[in-house]
Amino acid sequence: MLAARLIILLSFYWLSASAIDPADPLFVDLPHGKIRGRDNGFYYSYESLPYAEPPVGELRFEAPQPYKQQWTDTFDATQPPVTCMQWNQFIFGDNKLAGVEDCLTVSIYKPKNTSQSSFPVVAHMHGGAFMFGEARQNGHENMMREGKLILVKISYRLGPLGFASTGDAGLSGNFGLKDQRLALLWIKQNIASFGGEPENIIVVGHSAGGASVHLQMLREDFAQVAKAGISFGGNAMDPWVIHRSARGRTFELGRIVGCGQASDSMELKNCLKSKPAGEIVSAVHSFLVFAYVPFAPFGPVVESPDAPEAFISQHPVDIIKSGKFAQVPWAVTYNTEDGGYNAAVLLEKQASSGRELIFDLNDHWFDWAPYLLFYRDSMTTIKDMDDYSRKLRQEYLGDRRFSVESYWDLQRLFTDVLYKNATELALDLYRKHGKSPVYAFVYDNPANTGIGQFFAKRTDVHFGTVHGDEYFLIFENLARGPEMRSDEEIISRNFLNMINDFVLSGNGTMTFGNCVLQDNVGSNKLQLLSITKNGCENLQLESFP
C-alpha cells in the first residue's frame, strides 16, 4: 500500500515544478491551491502546510491519509506550526498537557540567495523521545544565513497518540513514523514548487529525530524519497527506541481512561477513539516512576507482519543483517557525555528536601535503574534484572555511593548504555552488511551552557559535551545560550557545509572542515572522526573509547 501511494504521489511531482510566482516569491502554487508565505529579511518561510488529513475521530490510531482538501482562498502560510499533543516534561507544574491533535504539517524555509536558482533540501525530524518536542523547538537562522539549503521541518504524532500499540493488526502502532513517511512523500512531490531539488533531499534529526531518520532508512523504499541521512545523537539500536512491552502498556492506557472492559485490540482502539485526546495523553503521567522517568513510555515497535501498512515488521538488528534496507549513504554520531541529558536531572535540588535526587539512587537503584536505562522489558526475570543492575553499578562506581561527587561516572554509565554502545553496534552491523557508505563522528567540545545546566538548574558542575551540544550549533535551541564562541562558529559552519556537500556528493563522500570521513562498510576497524575545538582527526578503532 505504501509503495502504491508513493507512485501515485510522485506522479503529481511534475505538475508542481516552478510554481513560485517570479513577481512575488511569497506566493506559491500547490496542487491544493495557492499559498502565501512570509518575508523574514534574509529568508522566506511557508509554515504549517498540511500534508495529511487531520488524524482525529475515525482517523485516530490509523495510518495517516494524504491531505485531500482544495483551497478556494489563498492559504495563509505565515502561522508557525502548532504543537502535536503531548505530555511535555519542560512545562512546569503538575499539568504538562500541551498541543493539539490536528497537527500534521510541514514548514518550509528558503534562503534569499539570488546566486542559486534551486537548492538542495534538508528534511528535519525533531527530537523528544517520541513523546514530546515540536518542529519549532530548533531554530533555522544559522542554516538560512549560510544560504545554501532549503529546510523542511516535519511535525508528527507523539506519545500514545503516535505510538500506542497492541502488537497486532488491530492497533498496530508506529503512527508517528508513518506520519514522517507521508511527510517525506509530500516533500518529494512538492518541494520543486519552492525551488527545492527533489533529487537532492537529505533527512536529518537529533535524538529521537536521529533514531527516526535511521528507522526511515531501514525501509528499502527510503531511496525513493531521499538521497542520504544523518542521525545525530540517536539511532534505531538505542535501547529506548524499540519497545518490547507495548501491548500491556496500551491496554493499561485503556484501563486508565475508562476502556478497561475492552477484550481485544479492535474493541480497545474503538473505545480509545471515543475518548478526549487530552485524557489519553494525560495518562502518560501514570506511567512515570518519578520525575520524567522513563522518558519514553511509548515509542516505536516491531509491527505484526499482518498489520495494515506495517512500517517495520522485523527488529532493526534483523533488518540490517538481512540486507533489506535502503542502500544509501548514512552518518551516525554521538557526544562524549550524551548521557548527561538523562543524568543531569538527578543533580537538581528538590524543593521538598533541599538535596539532589542522585542521593536517592542509593536506596532505589534496583527499582529505578531498569527504567532509567531501559532494560525493564528486556529481562526475563527479576533476578536477571537485579543482577544486571548490580553489574552496572559495580562496573562504573565500584563501592562508592551515588552523590554529586560521583556524578561523572553515573553520566558515563548513561552515555554508554543509552547512546555510545548502540552507535558502535550500528557501525559494526553496517560494516558487515551494508553496501553504501556509512560514517560516524564523536563530538567533544562542551558548550558554555547546555542541556546539563538546563536540567540540573546549576552551573557549578562540569557536565562535559552533553546531548545536543553539537546539534544546537546547526539548529539553535533555547537549552543552550544564544552566543557561540569563535571555535563554535567555525564548527557550526563546518557542519552546515558538511550537510550541503554530503547531499550533493555523487558518490556519498563526507567531509568536515579539512577532514574526509572514512567509510565503515567493509572496514576491518571502526572508522570514527573525532571533532574537538582544536579540529578533527580520523580514528581507527577496535572498539569505541
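Just so you know, glycine gets a Cβ as well, placed from its N, Cα and C.
Summarising the annotation, Swiss-Prot assigns signal peptide to 1-19.
Long-range Cβ proximity for Cys103 (disulfide bond), meaning a same-chain Cβ under 8 A and a gap of 6 or more residues, is found for Pro81, Val82, Thr83, Cys84, Met85, Ser155, Arg157. For Cys84-Cys103 (among others), the entry in Swiss-Prot reads disulfide bond.
Residue density at Asn113 (N-linked glycosylation site): 16 other Cβ atoms are found within 10 A of its Cβ, drawing on all protein chains shown. Asn113 (N-linked glycosylation site) carries neither a helix nor a strand DSSP state and counts as coil. The N-linked glycosylation site annotation in Swiss-Prot covers Asn113 (among others).
Look at Swiss-Prot and you will find Ser207 tagged as active site, acyl-ester intermediate. Under the DSSP three-state reduction, Ser207 (active site, acyl-ester intermediate) is assigned to coil, being neither helix nor strand.
What Swiss-Prot records for Cys259-Cys271 (among others) is disulfide bond, and it gives similarity to another entry as the kind of evidence. When secondary structure is read from DSSP and collapsed to three states, Cys271 (disulfide bond) falls in the helix class. Taking Cβ-Cβ distances under 8 Å and a sequence gap of 6 or more within the same chain, the neighbours of Cys271 (disulfide bond) are Gly254, Gly258, Cys259, Gln261, Ala262.
Packing around Asn421 (N-linked glycosylation site) is summarised by its Cβ count: 17 other Cβ atoms lie within 10 angstroms of its Cβ, all protein chains included. Swiss-Prot lists Asn421 (among others) with the feature N-linked glycosylation site.
What Swiss-Prot records for His467 is active site, charge relay system. His467 (active site, charge relay system) carries neither a helix nor a strand DSSP state and counts as coil. In sequence order, Ser207, Gly233, Asn335, Asp338, Gly339, Gly340, Tyr341, Tyr419, Ile451 make up the list of same-chain residues 6 or more apart from His467 (active site, charge relay system) whose Cβ falls under 8 Å from its Cβ.
Sequence-distant contacts of Asn507 (N-linked glycosylation site), defined by Cβ-Cβ distance under 8 angstroms and a gap of at least six in the same chain, do not exist. Swiss-Prot lists Asn507 (among others) with the feature N-linked glycosylation site, giving sequence analysis as the kind of evidence.
Per Swiss-Prot, disulfide bond is recorded for Cys515-Cys536 (among others), and the stated evidence type is sequence analysis. Residue density at Cys536 (disulfide bond): 19 other Cβ atoms are found within 10 A of its Cβ, drawing on all protein chains shown.
Cys536 (disulfide bond) sits 22 Å from Asn421 (N-linked glycosylation site), counting Cα to Cα. Cα spacing between Cys515 (disulfide bond) and Asn421 (N-linked glycosylation site): 24 Å, rounded to the nearest whole number. Counting in whole angstrom, Asn113 (N-linked glycosylation site) lies 42 from Asn421 (N-linked glycosylation site) by their C-alpha atoms.
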